[in-house]
Protein chains: 2
Amino acid sequence: MQDSETEISTLGEFGLIDELTKDFKIKNKSTQYGVGDDCAVLDYSHDPKLRTLVTTDVLLEGIHFDLTYTPLKHLGYKAAVVNFSDVYAMNGKPEQITVSLGISKRFTVEHINELYAGILLACNEYGVDLVGGDTSASVTGLIISITCIGKGEEGKIVYRNGARDTDLICVSGDLGAAYMGLQLLEREREAGAGQRDFQPDFAGKEYILERQLKPEARRDVIEELHRLDIQPTAMMDVSDGLSSELLHICKDSNVGCRVYEERIPIDYQTAIMAEELNMNLVTCAMNGGEDYELLFTVPLALHEKAAQMKTAKIIGRITKPELGAYMIDREGNDELPIKAQGWNAFAAR
Amino acid sequence: MQDSETEISTLGEFGLIDELTKDFKIKNKSTQYGVGDDCAVLDYSHDPKLRTLVTTDVLLEGIHFDLTYTPLKHLGYKAAVVNFSDVYAMNGKPEQITVSLGISKRFTVEHINELYAGILLACNEYGVDLVGGDTSASVTGLIISITCIGKGEEGKIVYRNGARDTDLICVSGDLGAAYMGLQLLEREREAGAGQRDFQPDFAGKEYILERQLKPEARRDVIEELHRLDIQPTAMMDVSDGLSSELLHICKDSNVGCRVYEERIPIDYQTAIMAEELNMNLVTCAMNGGEDYELLFTVPLALHEKAAQMKTAKIIGRITKPELGAYMIDREGNDELPIKAQGWNAFAAR
């Protein structure tokens, strides 16, 4: 530990919480009372159509992140944003988070301040209030558990189970970039192992790195849907990979789907990286995961509006369930079955 | 691994979640949609005075629990109940929980089923719905992060900051038992270390064991307060020890306090165990922690009602802040300063 570093035990749990939360300001009228009591107190009662949305994500060192190449500030930002993404995926608006941490002995107050600087940035960017949490020592590694609370409107909330035959399938942004960013980081980590002055080569690959290290939640997509008065029939965010999420929607809605390979949105940096690593580009885009894009379906009658969207594009259509889930290749007729090869935290153990 | 044990990877994350959540039934009208989408959807809008309460707790193996003497079912029960306790401590009612787990390789599906059996029991006992969570592998050890959502009523919610000079201080149940239970478990674990057929001696100590392993949240105290029409001015649950919680109320309410040593409620099993271990009984009761009793203050005008309570007793009074926080000993005049020696997860590292 260096001179400028502070052991967490010198502050204790309550001192640490005071230090970490002092820069957070309350922004939402639904937040009546935040950090500092047995519970936060929220007001989700001022409109009878108001609904409360709740989602939670846990991020574990060694499983979900590697601190050798993940800056703590980015990690804090990402840990918050992936929760916001789940609220947008219901056509909602995130308003509060609680942050629970398990912190091993190798972390100092300065480290945790960095992590919180990222959480603060995300909260300010997305207009979300920090309202509580729990902070404890851990035996090993950093543990981050965030719960996000948001608002939705009865009748406007979008589940996974509403897709219907002939609906259009849309996805925002592009896919596979976060996964390629992870491959790049892993490659440079291995190349630099044991070398003191190793400089990783990230030139021209800034986009895929940012997609991995500092993803955004697609609030802009939700805003565009509202502006164009498009009410999706089903929606979810792409965290485990497009294939996996398509199958969730098909299963929950009891439908099938066809997705056009040529319409899968892929950034050129993603394509270049896949080529460098000799990986199949479409497989990466379909199964990479951590894209935090929004996958949604809209009625065929809204085709014209959906085609106008700047933040999303049409990639396929919903079918009757007996037709299964397939991708149509660039030649237009061969059909490849869509399989969930998304990230499985338990398979890798 | 034995024949009857199932590796978690054979089910995968979604299979595991289906298996774990299948026995949970929705009980509250505020729960509109539970497990299975990006978010749970709750309705806290049907009464303009309704408020949403949110609390969260993280329990880490090796820090908060030791599986050599903690049955997984008890652990699941306790992990849920400690969150309910925080909602009752606001004069609220818990209605939903989310459960996030990190699970290392040594745990099987059967282990996690046991943990969930305890969570299910607690949910059924307290009328709470499981509405979501996140389940992941961990590098080492078991990680449990639970968030609880509940309801309160505007004007009836009790914070820590409302205690006023001359208010009576009350506490429910008895104190120090959970801490003595922990000491007993630790003693027997050490006595049995390395002995294959060691039988721990718990005869006559069932109460302190239960207080440690399977604590309850004091819903009955909240019900009695309602029945007697007592609105506390400040309240919190005793998780870190009475001394620590008294100081929280004093600081947040800007008051002092006097507590009578002879009124601190202590069970005889707690007293016997302290004697056996040659520990100071009052110190254990004041600082032991994990009691999950309710500490609250009521206006002096309600003295008669407060004195009638079956679930709680008067242990002292609130004073002006300049009088500080002191305990009055059995002789009635010496005053011992109250200090927070409660459990600090960071000090022990």
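Glycine too: its Cβ is placed from the backbone N, Cα and C atoms.
Among the candidates A:Asp86, A:Asp174, A:Asp197, A:Asp201, the residue that TrEMBL annotates alongside A:Asp38, A:Asp237 as binding Mg(2+) 3 is A:Asp86. In sequence order there is nothing to list: of A:Ser239, A:Asp240, A:Glu290, none of the binding-site residues comes within a CB distance under 8 A of chain B. The sparsest Cβ neighbourhood within 10 Å, among the listed binding-site residues (A:Thr56, A:Ser239), is found at A:Ser239. Residues in the domain 'PurM-like N-terminal' (A:36-150) partition by DSSP class (helix H, G, I; strand E, B; coil) as 35 helix, 45 strand, 35 coil.
When the binding-site residues A:Asp38, A:Asp86, A:Gly133 are compared by Cα distance to A:Thr56 (Mg(2+) 1 binding site), the shortest distance belongs to A:Asp86.
Secondary structure from DSSP puts A:Asp237 (Mg(2+) 3 binding site) in a beta strand. A C-beta separation below 8 Å, combined with a sequence spacing of at least six in one chain, links A:Asp237 (Mg(2+) 3 binding site) to A:Ser85, A:Asp86, A:Tyr88, A:Ala89, A:Ala217, A:Arg218, A:Glu245, A:Tyr292, A:Glu293, A:Leu294, A:Leu295.
The separation of A:Asp57 (Mg(2+) 1 binding site) from A:Asp38 (Mg(2+) 4 binding site), Cα to Cα, is 22 Å.
When the Cα atoms are compared, A:Arg160 (ATP binding site) and A:Glu290 (substrate binding site) turn out to be 18 Å apart.
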